[in-house]
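Colleague: Annotation comment: TrEMBL describes LYS154 as ATP binding site. Positions annotated as Mn(2+) binding site by TrEMBL: ASP500, LYS669, HIS699, HIS701. What TrEMBL lists as domain 'Biotin carboxylation' is 38-414. Per TrEMBL, domain 'ATP-grasp' is recorded for 158-213, 230-281. The feature domain 'Pyruvate carboxyltransferase' is assigned by TrEMBL to 491-760. Residues annotated as domain 'Lipoyl-binding' in TrEMBL: 1014-1095. If you look up TrEMBL, you'll see LYS669 marked as N6-carboxylysine. The feature N6-biotinyllysine is assigned by TrEMBL to LYS1061.
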Amino acid sequence: MLLHVGGMRSALGLLAVRRACCLARTTHNSPQTLEYKPIKKVMVANRGEIAIRVFRACTELGIRTVAVYSEQDTGQMHRQKADEAYLIGKGLPPVAAYLDIPDIIKVAKENDVDAIHPGYGFLSERSDFAQACVDAGVRFIGPSPDVVRKMGDKVEARSIAIRAGVPVVPGTDGPITCLSEAQEFSNTYGFPIIFKAAYGGGGRGMRVVKEYEARSRGLHLIGFVLCVQVGYENAGTVEFLVDKHGRHYFIEVNSRLQVEHTVTEQVTDVDLVHAQLRVCEGRSLPELGLKQDKIRINGFAIQCRVTTEDPARGFQPDTGRLEVFRSGEGMGIRLDSASAFQGAVISPHYDSLLVKVIASGKDLPAAAAKMNRALAEFRVRGVKTNIPFLQNVLSNDQFLYGTVDTQFIDENQELFNLKPVQNRAQKLLHYLGHVMVNGPTTPIPVKAKPSSIDPVIPPVPLGEPPVGFRDVLLREGPEGFAKAVRAHKGLLLMDTTFRDAHQSLLATRVRTHDLKQIAPFVAHNFNNLFSVENWGGATFDVAMRFLCECPWKRLQELRALLPNVPFQMLLRGANAVGYTNYPDNAVFKFCEVAKENGMDIFRVFDSLNYLPNLMLGMEAAGTAGGVVEASISYTGDVSDPMRQKYSLEYYLKLADELVRAGTHILNVKDMAGLLKPESSRMLIGALRDRFPDMPIHVHTHDTAGAGVAAMLACAEAGADIVDVAVDSMAGMTSQPSMGAIVACTKGTNLSTGISLENVYDYSEYWEVARGLYAPFDCTATMKSGNADVYENEIPGGQYTNLHFQAHSMGLGHKFKEVKKSYTEANKLLGDLIKVTPSSKIVGDLAQFMVQNSLTRAEVEERADELSFPLSVVEFLQGHIGIPHGGFPEPFRSKVLKNMPRVEGRPGASLPAMDFQALEKQLRETHGNDITPEDVMSAAMYPKVFQEFKEFTHQFGPVDCLNTRLFLDGPKIAEEFEVELERGKTLHIKALALGDLNKAGQREVFFELNGALRSVLVKDTVAMKEMHFHPKALKDVRGQVGVKQGQTVEKGQPLCVLSAMKMETVVNSPLSGTVVKIYVNADSSLEGDDLILEITE
């Protein structure tokens, strides 16, 4: 008899269940009476890995092989590994097919099969199957039917062990049939106890309250005694519990080849399947050279079963297509695989095993190290696997020291702290395939393609960049920095190219990829800039919402590349970087995290110049340790005596409050470019006279074309800093030209000290880079600036957004009317200061008026029945603060009717945000790799962050793609490289786009690092069902668009419509009953689409 406890230490002192593998030819069949009958053809009545294992052994011995397979297994590897393969169980359920004894015997007889190997599982421990083989004259490779029956009955097997004198765990003599019998047993023997099904299989058939502590030692003699007692032939497994005192207790016998037989084979160098086949042929163990005294254990072996099970979900099996399969190999590694190959479909019907990995080494740590290395080499994509859990086990000291017991997993819950699988390359292929099939993932406002030309990065010298103003800030702190700025000779510039310039010209769509490429050049050649504006405002949510990248990562990466120039961000006062109110602690926390990630200067503004909101933002930025640049948002014209709502005196009083509150720098924020040279001299001159020691910073836009003249006038009047954009990103709705300001001040006392040659190189980069964003370029719909901005006062960034919104709503041909309506809407709302979000409110109302062909007088007259945009309603409720001069009446009362109103600062009444609870929720949803920055993103934009995480989970780090690939995808046969991180570059070639399949998918083929890869992508257009939406009849008031049969009142909100960033509340135009609803929450509507019908 051959018996081995695979690679176990004799010194184990804790509980463990041990299996002793044995191969026996007992004395009732002595070698002298055996007849040798060679086997010529073997059928394996099984599937997957064990079938392939047996086929390989048969092939080595020159035996022909036969596979059987169910209808669901036509693509499985085991049927291809056999010489012949036959369908069984036609029409039966998947598992039942492999249990169809008559069909299996029929196939065996029809195809001259000599012997059947049952493998493990399925029929392997069914005595009736063994008997059916014998009755059919086919050899059963295993014990006799009688032995299979005795060993399969756990109660009888236990009785046999007792008769043989084998110690057993105390237990009942027969199966218990009621609760009282179980109670009587536990009262006698106490706890712990184990419940086990009489015909149960493995540990899953056991229910343990508590278990004995045990070790494995000297069990071969016991196994031999047991085998003799029952007349055992062939291979089997005897299971014991052995306690720490060396006492062993019989559990059961598995009368078949065990799943873990490979461990025994590795440490004994005995091929158990070879031996099984030879024994079945009539060979004795001595003839095979298998005597117990000659069996030697050589080192240690570990088997890991790699399965498609998700440890994070209680090892729930996962199914799907193996998009990638690459195994770990090398010295000391053996692989016994099932159907693990690229393109294989993992069925939900059978065992989840992909491959058994067996590692061998001189000792347990050596074997574990090889196993860990092999598992790390595996790449399995398309389904979840248990590899991360196995790696945690192999790194556990308790496991490596061999001191595990059966409570090991329960007592080491850290094993479930699973390291996420990155899967970056395959996810990127999914993204590229998605774009190739369905087009860009970000909304494209105009039909233009990104340029195929990549910008050339100007040369950058080696070494550290020269000292800049940030070195002053780090050394002197905010107060010392402000003094240095005021004492500086010459005009300082802030470069808006990294933020406001592209927000104004390119809809905020410039990606971190293109900013990073030019950042080192800026660090080395523009070190005397006051700052680079690169963050905050709309860039924060757009990064996640449309560019699918993390805004915090942008800040971190740019900080590393541009360490010497201060960074500046736009903070919307109490609204932080959002469009709504946040609890005070959220604003403070945001500024703290921003400062930690490299932000230096916080330009704090409020869209209404509402001091309570401004003060909160200033305090939050100052508490975080940042430079506070409080902003006066400018509108009107201080040089026009006829416009006195926003007079020079108004601005001076506001400045007094901001300086008194402790701002380090005073900013004039001219969002629409309304400052003319004369008004510039008046305003800046007055501020300089009143605050001689305060640095003054002026921001404007060049919409009318007078930006350069206005900024030069500001500088001459005493401004220390003005905002500019590099030439190719300047003008129109952006900032004035950097090159023009540099050239105009050169050789004067206002000289910027910036080289024009460097400006030219910088501009050339952005001129080409801008072509990559052609689908978003404002020049697609706007060919020049326009002096009518002095009338409509539309902020530069909004000017571009209004173009895109107008086009998306079918109002592109009416943009002139939109601009005129903007002026009227502003008057309706009381002549507001217009900057985000107040500018958006005016814009929403203007588009509403154009869309519904309403004049200002008609809006005022019908204010009680119109369904105004949500932003307008919330403004009138007081959600963004109180405007200068108060709310417009009676317009406000007519719109709001009985709606609630917010008194005072909107955020003051909000409860503090619980960041710990938010982080816990995010970790539960997205895993443990949540950062403090993620928490802040979720705090600012919960829905946008959720969608961003879902996107990155599906498509990976798309920020590493160049911009053309991100927007337009690759062309067929195009080759390109993607750098995932330093030293890790993917070489990709787009090969082909497949035809549409029945599931509405197309297979997209790539070559990745020389290997063929493919992904299945849903064709969203092809899958879209034809749908004709009913149109509203303009002369029927009851057709505007809650539950069917519900009674509604006039003015009652019915639903919210969303287009781009604009949301409109649809109110009922009359009281009545909802007759029919034509939409749901996910409906995509066009103009004049009917929403619902109401009858009076």
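Using N, Cα and C of the backbone, Cβ positions are placed for all residues, glycine too.
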Colleague: Report the same-chain neighbours of LYS669 (Mn(2+) binding site): residues 6+ apart in sequence with Cβ closer than 8 Å to its Cβ, ordered by sequence.
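Modeller: Looking at Cβ-Cβ distances below 8 Å from LYS669 (Mn(2+) binding site), excluding near sequence neighbours, one finds ARG603, PHE605, SER631, ILE632, SER633, TYR634, HIS699, VAL835.
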Colleague: Here are the binding-site residues: LYS154, HIS699, HIS701. Which has the lowest count of other Cβ atoms within 10 Å?
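Modeller: Relative to the other binding-site residues in LYS154, HIS699, HIS701, LYS154 has the fewest Cβ atoms within 10 Å.
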Colleague: Within 10 angstroms of the C-beta of ASP500 (Mn(2+) binding site), what count of other C-beta atoms is obtained when all protein chains are considered?
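Modeller: Step by step: centre on the Cβ of ASP500 (Mn(2+) binding site), count other Cβ atoms within 10 Å, giving 30.
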Colleague: Using DSSP, tally how many residues of the domain 'ATP-grasp' (230-281) sit in helix, strand and coil.
Modeller: 19 helix, 17 strand, 16 coil
Colleague: To the nearest whole angstrom, state the Cα distance for the pair ASP500 (Mn(2+) binding site) and the residue listed as 'ATP binding site'.
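Modeller: Per the Cα atoms, ASP500 (Mn(2+) binding site) and the residue listed as 'ATP binding site' stand 77 Å apart.
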Colleague: Average the pLDDT scores across the domain 'ATP-grasp' (158-213) and report the rounded value.
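Modeller: Overall, the domain 'ATP-grasp' (158-213) comes to a mean pLDDT of 62.
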Colleague: May I have the list of same-chain residues other than ASP500, LYS669, HIS699, HIS701 whose Cβ is within 8 Å of the Cβ centroid of the recorded Mn(2+) site, in sequence order?
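Modeller: Not counting the recorded site residues, we get THR496, ASP670, MET671, THR700, ASP723, GLN735, GLY796.
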Colleague: Provide, as an integer number of angstrom, the distance between the C-alpha atoms of LYS154 (ATP binding site) and HIS701 (Mn(2+) binding site).
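Modeller: Checking the Cα atoms of LYS154 (ATP binding site) and HIS701 (Mn(2+) binding site) gives a distance of 86 Å.
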